[in-house]
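Peer 1: According to TrEMBL, the feature active site, nucleophile maps to 63. For 194, the entry in TrEMBL reads active site, proton donor/acceptor. Taken from TrEMBL, the feature glutathione binding site covers 96, 129, 130, 131, 132, 147, 148. TrEMBL lists 171-298 with the feature domain 'GST C-terminal'. The feature site 'Lowers pKa of active site Cys' is assigned by TrEMBL to 252, 295.
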Ligand SMILES: N[C@@H](CCC(=O)N[C@@H](CS)C(=O)NCC(=O)O)C(=O)O
């Protein structure tokens, strides 16, 4: 695990000392948008027109942020229009790699061994973390965007005139409600499990773990009378919550010590997670081997011997 400083790789864990034991996530730096006509999106520059075969995604099956993007690619039927690479589940002293492992798909752009080479290829002076997902423009040979929340939002409509599957997961009339739900789910659950697991002070951990479970309790009540988070319709808000929930009992409960309750103890949330898992194409985006290998083997400050647990055995059937 490390980061780039002026284009040079440094093997370095997150600094939680300067933040009093808190994990603070860095802002993503590439924020351009693919649009139907190449006009600029809400942030960044224009010039990224939706075209089949032009864009490539770098994904980790282990990563909940990258998996949102993989889900959206599947839901919109973009598999033939946007190609993918899959990184190795272990993120060690060189960060993400393309080394051999079942499920890995190599880099077609520069045949990179390491994900950081993709970042330095587009900016030889790049400083920052080398994260996935990355949306890459094969035509301009540059990174379009490395922020999953932007990428899923642009993919929901940008390729609609080129034969993408129907379905708008951020419909105009629900936007403010979806935004509100995202503003609740992101800090408390999506990033909440990370703030809990990466905390290096007892008091910080205890505060964060309660935030996670207070939020899950609220959503459990909400789902008593609703099938989905917003307007009883499957939207972006559900995609964003699902990729955290599907990892919950496998890694966050044990590895990140989010262990007040298991997800299977929440009848409504567990049923909701399994329902989304069975939407056609979605279970193929969930790779539990990569998920468990990544967290337990990569985070040596949390699990120094890298022992990967064999359980729990979860029954995802409906
Ligand atoms: N804000 C980013 C976060 C992505 C992210 O943090 N990905 C993790 C994997 S789950 C990563 O690549 N981490 C490497 C690092 O922090 O050095 C997004 O949502 O796209």
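Backbone N, Cα and C define each Cβ position, glycine as well.
Unlike curated records, TrEMBL annotations are generated automatically.
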Peer 1: Let's check the environment of residue 147 (glutathione binding site): how many other CB atoms sit within 10 Å of its CB?
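Peer 2: Looking across every protein chain shown, the total is 20.
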Peer 1: With an 8 Å cut-off on Cβ-Cβ distance and a minimum sequence separation of at least 6, pull the same-chain contacts of residue 252 (site 'Lowers pKa of active site Cys'), or say none.
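Peer 2: Set apart from residue 252 (site 'Lowers pKa of active site Cys') by at least 6 residues yet with Cβ under 8 Å, we have 193, 196, 197, 244, 258.
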Peer 1: If you average per-residue pLDDT over the domain 'GST C-terminal' (171-298), what number do you get?
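Peer 2: Averaged over the domain 'GST C-terminal' (171-298), the predicted model reaches a pLDDT of 98.
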Peer 1: Just name the most isolated of the recorded positions 96, 194, 295, going by other Cβ atoms within 10 Å of its Cβ.
Peer 2: 194
Peer 1: Would you mind reading off the Cα separation of residue 295 (site 'Lowers pKa of active site Cys') from residue 63 (active site, nucleophile), to the nearest angstrom?
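Peer 2: Given the Cα positions, residue 295 (site 'Lowers pKa of active site Cys') is 9 Å from residue 63 (active site, nucleophile).
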Peer 1: Taking Cα atoms as reference points, rank the recorded positions 63, 96, 131, 132, 148 by distance from the residue listed as 'active site, proton donor/acceptor' and give the first.
Peer 2: 63
Peer 1: Select one residue from 131, 148: among these binding-site residues, choose the one with the most other Cβ atoms within 10 Å of its Cβ.
Peer 2: 148
Peer 1: May I ask for the distance between residue 63 (active site, nucleophile) and residue 132 (glutathione binding site), taken between their Cα atoms and rounded to an integer number of Å?
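Peer 2: Each residue's Cα considered, residue 63 (active site, nucleophile) and residue 132 (glutathione binding site) end up 8 Å apart.
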Peer 1: Measuring CB to CB from residue 132 (glutathione binding site), give everything in the same chain under 8 Å that is also at least six residues away in sequence.
Peer 2: 58, 59, 60, 63, 65, 66, 87, 96, 115, 146
Peer 1: Within 10 Å of the Cβ of residue 129 (glutathione binding site), how many other Cβ atoms are there?
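Peer 2: Within a 10 Å radius of the Cβ of residue 129 (glutathione binding site) lie 19 other Cβ atoms.
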Peer 1: Under a three-state reading of DSSP, tell me whether residue 131 (glutathione binding site) is helix, strand or coil.
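Peer 2: The residue in question, residue 131 (glutathione binding site), is coil (DSSP, three-state).
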Peer 1: Taking ligand 1 as the reference, state which of the recorded positions 194, 252, 295 have a Cβ closer than 6 Å to one of its atoms.
Peer 2: none
Peer 1: Please report the number of other Cβ atoms within 10 Å of the Cβ of residue 63 (active site, nucleophile).
Peer 2: 25
